[in-house]
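*Asks:* Following this message is one structure expressed as structure tokens.
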Amino acid sequence: VHPLGRMAASLLAFLLLLVGGMFSASTPPPGLLEKVFQYIDLHQDEFVQTLKEWVAIESDSVQPAPRLRRELLRMAGLAADRLRGLGARVASVDVGFQQLPDGQTLPIPPILLAELGSDPKKPTVCFYGHLDVQPARQEDGWLADPYMLTEVDGKLYGRGTTDNKGPVLAWINAVSAFKALDQDIPVNIKFLIEGMEEAGSLALEELVRKEKSGFFSSVDCIVISDNLWISRRKPALIYGTRGNSYFTVEVKCRDQDFHSGTFGGILNEPMADLVALLGSLVDASGRILVPGIYEHVAPVTEEEKRVYEAIDLDVEEYRNSSQVKRFLFDTKEELLMHLWRYPSLSIHGIEGAFHEPGAKTVIPGRVIGKFSIRLVPHMDMSVVETQVKQHLEYIFSKRNSSNQMTVSMALGLHPWIANISDHQYLAAKRAIKTVFGTEPDMIRDGSTIPIAKILQDTTQKSVIMLPLGAVDDGEHSQNEKINRWNYIEGSKLFAAFFLEMAKLHS
């Protein structure tokens, strides 16, 4: 054989070896994603049907009723069977019972820990989701039975469609597409699925702590898909949420109410004291009046300002869709900063006051005001508690009232912030570009999602929020929905995310 021929043969063998190496277990062959997308498109009616079956289960964790707990157990069983059908090893972890104030005990639905693949050459991605829902009744204003999935103009209406059964199933759909095509899934996958998120994620934190060096030890990142975009059509990635300190302030003269004709004008009325206290907390521009409250708020950086400028938000459309006459701020940047990166104080209600229709000339003997402060980095919850108590004590002392005042912080949840330079955010951005053909809005969420902070701090693993739902999905509200487009394209997004994570890992 001519030496050049030998050289050509050697070069060809080397190239074949190189090409073979390029498409090893860690790198999928070209065209795989197109096949996966095609499979998801062709089987979308099946995926919608499965969502219909899941929505039909009234897995309400908020109302403490034995019938609803049985529904939650049934929902957990259905999900476990679905995961086993994918070939996953599923542990259904018994976490005991919930003790209610009236003495009754109810079973807490099991927490599912599932694993699919354990290849040390692949990254391991864990998905967190929940199967429980908020209460829903058709007579509260639903267009149809909330537990009967109804499709109208591409919108899939039903309780739990967007929060959170749809996103959980979208992840499962992505996995099932690889399995059905007999293709190697490019990442190891774990599932952490609970059934008590809407009721405070009972027993979850304890389990996560227990499994830190077990189930979570090999995890590279944790994905949460339990929130919404800020747009109807443009996808988003979420990298932060606010915390929450919830306060009660009680003003008491006596346990019984008074007649205003008999006692009006001769005593310090608890309601007048309470209104003055609540009125001292925030001004008409939304600024919190508690001294020192803004001292530890992280300063705004130039890089952060650029992130806000790039977000696609039509303030006028947002105002109209919110049915609000005017916001406190006129520009997109100011609006978003005050929603996401500055603290806010909201007054929620008064317990013990007369609120029924009609006229009742009563002076409440004891009233409890309720308000909360949304916390942001780097506010310290214990410092905020002290500041609030000192402020209210000062205001109350100036009134020289003979009533008793008690301030309590009933709930404290920390804010969460992620590093958007982490691998999972880069992978998610690339996956969004592949599926939707656009860069995502990089946003925060003004509400509080405790599980993100719990998972990040306890496991010491990176957390990403990768939402699928549109801004108008109406989670927790009447006529909750997920668009068919979001559900199906979201399934593709998760599949693309697997591939992007594998590429970055290799």
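Positions of Cβ are set from backbone N, Cα and C atoms, glycine also.
Feature annotation from TrEMBL assigns signal peptide to 1-24. Taken from TrEMBL, the feature Mn(2+) 2 binding site applies to His130, Asp163, Asp226. What TrEMBL lists as active site is Asp132. Feature annotation from TrEMBL assigns Mn(2+) 1 binding site to Asp163, Glu198, His476. Here TrEMBL flags Glu197 as active site, proton acceptor. As annotated by TrEMBL, domain 'Peptidase M20 dimerisation' applies to 240-395. The site 'Important for catalytic activity' annotation in TrEMBL covers His259.
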*Asks:* At the level of the C-alpha atoms, what whole-angstrom distance separates the residue listed as 'active site' and His259 (site 'Important for catalytic activity')?
*Replies:* 46
*Asks:* Fewest other Cβ atoms within 10 Å: which of the recorded positions His130, His259, His476 wins that one? Let me know.
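*Replies:* Result for the recorded positions His130, His259, His476: minimum number of other Cβ atoms within 10 Å at His259.
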*Asks:* So what's the average pLDDT for the domain 'Peptidase M20 dimerisation' (240-395)?
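*Replies:* Computed over the domain 'Peptidase M20 dimerisation' (240-395), the mean pLDDT is 96 on the 0 to 100 scale.
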*Asks:* Centre the Cβ atoms of His130, Asp163, Asp226, go out 8 Å, and tell me which other residues of that chain have a Cβ in range of the Mn(2+) 2 site.
*Replies:* Gly129, Asn164, Pro167, Glu197, Glu198, Glu475
*Asks:* Between the Cα atoms of Glu197 (active site, proton acceptor) and His130 (Mn(2+) 2 binding site), what distance do you get, rounded to the nearest Å?
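*Replies:* Cα of Glu197 (active site, proton acceptor) to Cα of His130 (Mn(2+) 2 binding site) measures 6 Å after rounding.
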*Asks:* Specify the count of other C-beta atoms within 10 Å of the C-beta of Asp226 (Mn(2+) 2 binding site).
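*Replies:* That number is 24.
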*Asks:* Just going by other Cβ atoms within 10 Å, which of the recorded positions Asp132, Asp163, Glu197, Glu198 has the emptiest spot?
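*Replies:* Taking Asp132, Asp163, Glu197, Glu198 as the recorded positions, the minimal 10 Å Cβ count falls on Glu198.
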*Asks:* C-alpha of Glu198 (Mn(2+) 1 binding site) to C-alpha of Asp163 (Mn(2+) 2 binding site): distance in Å?
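*Replies:* Approximately 10 Å lies between the Cα of Glu198 (Mn(2+) 1 binding site) and that of Asp163 (Mn(2+) 2 binding site).
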*Asks:* Residues other than Asp163, Glu198, His476 within 8 Å, Cβ to Cβ centroid, of the Mn(2+) 1 site?
*Replies:* Val133, Gln134, Gly160, Asn164, Glu197, Glu475, Glu480
*Asks:* Of all the binding-site residues given, namely His130, Asp163, Asp226, His476, which is spatially nearest to His259 (site 'Important for catalytic activity') at the Cα level?
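*Replies:* Sorting the binding-site residues by distance from His259 (site 'Important for catalytic activity'), the top entry is His476.
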*Asks:* Of the binding-site residues listed here (His130, Asp163, Asp226), which is spatially closest to His476 (Mn(2+) 1 binding site) when Cα positions are compared?
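*Replies:* In terms of Cα distance, His476 (Mn(2+) 1 binding site) lies closest to Asp163.
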